[in-house]
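Notes follow once the structure below has been shown.
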């Protein structure tokens, strides 16, 4: 989730207040009388995609995070640039978003729309939220009830992305402040950071930690392995797994890695090196169940950020085209 450096600032208070009002309208059974089988339809499409391409897990989770932190959870990150508008997905920080995340949502939306009762009745934003839950469960993580009822955003601009996403070298204070701006606590941030137990990061995002001077917070053996996998002047598209132990399993290994100095990004390892966040890391390294409870609570709160309802959104017929 944190692969490029950003600039940090807080959401306006008015936006936060609006968001609180909007997410109060979300409900777990929102589509009960609209598209009753929507969750099973989405799950089937996501499962098919997952079995074809395991990278789908990290790609979809990261897409959800990048969407929610910019203009809220409104699928604005999926919109394609057109005419004079450069959309969010074409901002520099989003260029590394894997195409499999977008494809997951597009496939799931097509499956939903193939059911006559459901055609153009389910938002892309809700499908992304459901798909995120499903890929997490498919990779061994918790399954949880998703709150639904989001509308799709009416705008998508690359300029809105500036400063909204944390970078790979973020300090604990920077991370905490950025998440707080979205109504998320330090513990929420640390729980959500464990999404780095799956997925990949480009060598360029951590090359400064394994150069001629190795970051002293990094396990020397791990640093040596990374130097071999990411040699100097390597192809900028080269990437390695965020979790060197269980890269395809959504588990609490992330925290165990941090205890061993094996956080790939500086913004990962800081969660253990900073004494304020270390107790959370130690607790969730010990307890998979405790981690899962904290993660479900945090990602539920994330899904409430900047929710669009009423005249502030609509349901796009094509997730990639504003309408």
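Backbone N, Cα and C define each Cβ position, glycine as well.
Residues annotated as active site, proton acceptor in TrEMBL: 66.
For residue 67 (Ca(2+) 1 binding site), other Cβ atoms within 10 Å of its Cβ number 32. Feature annotation from TrEMBL assigns Ca(2+) 1 binding site to 67, 70, 72, 74, 76, 88.
Its Cβ taken as reference, residue 166 (substrate binding site) is surrounded by 27 other Cβ atoms within 10 Å in the chains shown. Annotation comment: TrEMBL describes 166 as substrate binding site.
The Cβ of residue 196 (heme b binding site) has 25 neighbouring Cβ atoms from other residues within 10 Å, across all protein chains displayed. Taken from TrEMBL, the feature heme b binding site applies to 196.
As annotated by TrEMBL, Ca(2+) 2 binding site applies to 197, 243, 251. Within 10 Å of the C-beta of residue 197 (Ca(2+) 2 binding site) we count 30 further C-beta atoms, all protein chains included.
Neighbours of residue 35 (disulfide bond), defined as other CB atoms within 10 A of its CB across all chains, total 20. Annotation comment: TrEMBL describes 35-118 (among others) as disulfide bond.
Look at TrEMBL and you will find 68-73 (among others) tagged as disulfide bond. Taking Cβ-Cβ distances under 8 Å and a sequence gap of 6 or more within the same chain, the neighbours of residue 68 (disulfide bond) are 182, 302, 303, 305, 306.
The disulfide bond feature in TrEMBL is assigned to 124-319 (among others).
Per TrEMBL, the feature disulfide bond maps to 203-230 (among others). Around the Cβ of residue 203 (disulfide bond), 19 further Cβ atoms fall within 10 Å across all displayed protein chains.
Per TrEMBL, domain 'Plant heme peroxidase family profile' is recorded for 25-323.
Residues or ranges marked as signal peptide by TrEMBL: 1-24.
Residues or ranges marked as site 'Transition state stabilizer' in TrEMBL: 62. Note on residue 62 (site 'Transition state stabilizer'): other Cβ atoms within 10 Å of its Cβ, all shown chains, come to 24.
When the neighbouring Cβ atoms lying within 10 Å are counted for each of the recorded positions (70, 73, 118, 124), the highest count belongs to 73. Among the binding-site residues 76, 166, 196, the ones whose Cα is located within 10 Å of the Cα of residue 319 (disulfide bond) are 76. Taking the Cβ of residue 88 (Ca(2+) 1 binding site) as reference, residues of its chain lying under 8 Å away and at least six apart in sequence are, in sequence order, 66, 70, 71, 76, 77, 79, 94, 156, 157, 158, 160, 161. The Ca(2+) 1 site is defined by 67, 70, 72, 74, 76, 88, and by the 8 Å test on Cβ atoms against their centroid, the other residues of the chain that qualify are 66, 68, 69, 71, 73, 75, 77, 153, 156, 160, 306.
Excluding 197, 243, 251 themselves, the residues of that chain whose CB lies within 8 A of the CB mean position for the Ca(2+) 2 site are, in sequence, 194, 196, 198, 242, 245, 246, 247, 249, 250, 252, 253, 254, 257. Least crowded of the binding-site residues (74, 243, 251), judged by neighbouring Cβ atoms within 10 Å of its own Cβ: 251.
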